[in-house]
Each structure stands twice: as structure tokens, then as C-alpha cells.
Amino acid sequence: MGANDLANSVSIAVGSGALSYRKTLILFLAGLFLGSFLQGFMVMKTLGKGVIQNVTIEKAVASSLAAFVWIIAASYLGAPISTSQSITGAIIGVGIADWILTKELLVNLSVVYKIILSWVVSPLVAIALSFVLHVLLTHRRIASRLKSRRVLLSLISFVTFMSAYSFGANDVANATGVYVTIAGSAIGTPDMETMRLLSLYASFFIFLGGYIFGGRVLRTMAYKITKLDLQSRLASGLANFLVVWIFTTIPYVLFGYGLPISTTYACAGSIIGVGIARSRSLKGVSARTVLFIMLAWVITLPVTITLSITFYLLIRSVIGV
């Protein structure tokens, strides 16, 4: 996950030069740990018990392997795909495989529909919000107060931390959600304690993945979509943080489960929004890069569904279930 999703939180800090790469990683780690510990359970509940019922160890391993293989492949190509979409597709895949074998559909279609809708809505909200924020931040009165490069870089650093926080709150569930029931039964802890332990454990490895493999996707998100000045990067980062946090928190308050949106969708949408705001047209955005990202998004769901069905059937045949 970190190999692909690190860029969503730190691209504005790296692209703007607000912090060195090492300091940015430290800030990312702090925000990631805090967000996953305080709010990670909101989306873990959705992926652990909301998408399919009765998550067995075979289903958990198959879905994790499917998501892992696709995320690593996409990261190698520098494609900023959605890890939320990857793991959700993988979970749906094992649900479909189980249906093929048992003729009983365990996929909660109502939850799946809401998740898919959030994938469509969240980048559009990010585009609109970043556009509005860019207009506000470049307004003469506000811009005059943000003339200092030092002030802008400090604000960008703060927004980077908050983006990492919202990422931890939403995306840690992608690595841990399917293991909540299994881990809780194994160690004998209540669901809330189990989810917090899993979130801290996963945060370390997400950080490690980003540190080792995150460079290619980071370059795509920081430099290739559109050219951004400091105000633009601030508007983009603020929109990204707000969209991810809102989709994590508000649905949990209203429905009892957070939506595993794509932080990649939100980040790319926020960058596209400020690109449009700066040029007042689509010419401010690299169409080639956007199409590359969109192609990766379109094929993610069918690829991960197919992979997870394959892995699940292989695992069952090997262990003789």
C-alpha cells in the first residue's frame, strides 16, 4: 500500500520543496500512526464485516494476495491506482468465488453500491473543492497575507501532516480490515482493541513500503499531472485532506461505517482542480497523465476480482477444503 499511496499525502510537500524527503517521511509516519489509531476502525469495520460475511483465513489471504500483486505491479509502472479499489475488488472476488462454489451470495450489495458511488463522487468533490480553495487563496486580500514563502511552506507542512492523518484514518483498513475477525478470535480481544492493534502494526509496514518503493508514483503525483505554485499546492493538499476525512467520518456517524474511498482519486482530483483553476481551462492539466491514471483505475476492479477468485480457488485446492 505504501508503495503506491505514500504520494497521496506527501506529493505537495516534496513537489513544493517545503521539506526534505526525509523530514516529509517522518511527518507522514506521525500523521499515519495518529490517524490510523484514532479513526482507522471506522473503515476497518466496513471492509472487515460490511462487504462480505464470514471472512475466513482463506478469503483474507486470497484477497490480500490479489491486492498486493496488483499494487506492486502498478507501483512498478508508476501508476497511482486506488488501493481501496484494489482490496474492495479483491474482497468482492472471494465473495464471488464462494458463490460459485456454494451457490450462496455473501456479498453485501448495498454496501458495495455505496462504496462504488463514493469512488465516483469523491474525486469530483476534490476537483470542485480544490478549484474553490485555489480561487480563495489567490484572492487579493488573502494572497497578500500569504506572500511570505516561509508562511506558505509552514502551512503546506501542516496540510501534509493532516493528509497523512486522513490517509491513516481511511486507508489502513485496506491492509487490515479482512483480518479483524480472525485476529480478534486468535488473540481474544474485543473488536475495537483488535482494530487499533492491527492499525499500528499495519502503519509501520505501509510506511516501509512507501519508503522503499514509493518513488515512482510520487514523481507522477508531484510533477507530472500539472505544474503547481505554492498556493496551488496548498489548495490541493487542503482539498485532499478534507475530502478523505469527510468520507471517512461523516458516513460512519450517519450509517455506522466509513467509506473506503480512494485517497489516490482524491489527491489526483485535487491536483486537477487547481490545474483547471490556474489556467481557467483543461489546458492546465496533462491529458496524457490523467488518461494514464484513469486507465489504471478502470482496470483495477476487474483485475483484482479475477486475481482474488484465482488465488482463493488455488488456496482451497491446495489445503483440500
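Just so you know, glycine gets a Cβ as well, placed from its N, Cα and C.
If you look up TrEMBL, you'll see 25-48 (among others) marked as transmembrane segment. Same-chain neighbours of the transmembrane segment (25-48): 6, 9-10, 13, 19, 55, 87-88, 91, 111, 115, 157, 160-174, 176-181, 191-192, 195-196, 198-200, 202-203, 206-207, 210-211, 248-249, 252, 256-260, counting only residues six or more beyond its ends whose CB sits under 8 Å from a CB of the stretch.
Feature annotation from TrEMBL assigns transmembrane segment to 60-79 (among others).
As annotated by TrEMBL, transmembrane segment applies to 116-139 (among others). Tertiary proximity for the transmembrane segment (116-139) is limited to same-chain residues at least six positions away from its ends with a CB under 8 Å from its CB atoms, namely 82, 84-85, 146, 231-232, 234-236, 238-240, 242-244, 247, 251, 259-262, 265-274, 276-278.
Marked as transmembrane segment by TrEMBL: 151-168 (among others). Below 8 angstroms of C-beta separation, residues 5, 8-10, 12-13, 16-19, 24, 27-37, 39-40, 145, 199, 203, 230-231, 233-234, 237-238, 240-241, 244-245, 248, 263, 267 of the same chain, each at least six residues beyond the ends of the transmembrane segment (151-168), sit close to that stretch.
Annotation comment: TrEMBL describes 198-218 (among others) as transmembrane segment.
Tertiary neighbourhood of the transmembrane segment (230-248): same-chain residues 8-9, 12-13, 15-16, 39, 42-43, 118, 122, 125-126, 129-130, 133-134, 136-138, 143, 146, 149, 152-153, 155-156, 159-160, 162-163, 165-167, 169-170, 258-259, 261, 263, 266-267, 269-271, 273-275, 277-278, selected by CB-CB distance under 8 Å and a gap of 6+ residues from either end. Summarising the annotation, TrEMBL assigns transmembrane segment to 230-248 (among others).
Per TrEMBL, transmembrane segment is recorded for 289-315 (among others).
Residues 58-59, 61-63, 65-67, 69-70, 74, 77, 79-82, 85-94, 96-98, 100, 220, 224-225, 262, 264-265, 268, 272 of the same chain, all 6+ positions outside the transmembrane segment (289-315), place their C-beta atoms under 8 angstroms from a C-beta of that stretch.
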